[in-house]
Amino acid sequence: MLHVHRASKSPETHVETLDVYLVAKAQWGPRKTMASRNRSQPAYRRNVTATRRLPQALIIGVKKGGTRALLEFIRLHPDVRAVGPETHFFDRHYHRGLEWYR
Ligand SMILES: Nc1ncnc2c1ncn2[C@@H]1O[C@H](COP(=O)(O)OS(=O)(=O)O)[C@@H](OP(=O)(O)O)[C@H]1O
């Protein structure tokens, strides 16, 4: 989850806090890790893995707006991969660039 703070001099808006979740559709391809040789895994798990890619969707909402619940419902779909902990890309790690973000 990412908290983006935007300050404003307008008395109506004050400080706006948003939660941002990153959601990516998984892209399946050949697995190249040691885990691929783990015979205790079923074949459909041995031979495929998710490729790291930029998110295709961002969930943005106000704090306490239920963004976590929405993310958990969306990630139930088998083709969806989503971050677990907060990434803080836009507020803390933006300078690291898109390769870090993947
Ligand atoms: N469908 C629905 N209806 C009513 N309330 C709901 C719903 N889904 C989530 N929630 C409540 O939303 C709170 C969590 O919001 P967030 O995921 O945005 O959390 S946070 O702001 O990042 O902490 C959290 O409230 P609190 O338990 O008071 O913290 C959830 O219980």
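The backbone N, Cα and C atoms fix where each Cβ goes, and this holds for glycine too.
The domain 'Sulfotransferase' annotation in TrEMBL covers 55-101. According to TrEMBL, the feature active site, for sulfotransferase activity maps to LYS64. Sequence annotations record features per position, and here TrEMBL assigns 3'-phosphoadenylyl sulfate binding site to LYS64, GLY65, GLY66, THR67, ARG68.
A 10 Å cutoff on Cβ-Cβ distances gives THR67 (3'-phosphoadenylyl sulfate binding site) a total of 18 other Cβ atoms nearby, all chains included. Mapped onto DSSP helix, strand and coil, the domain 'Sulfotransferase' (55-101) counts 20 helix, 9 strand, 18 coil. Across all of the domain 'Sulfotransferase' (55-101), the predicted model scores a mean pLDDT of 87.
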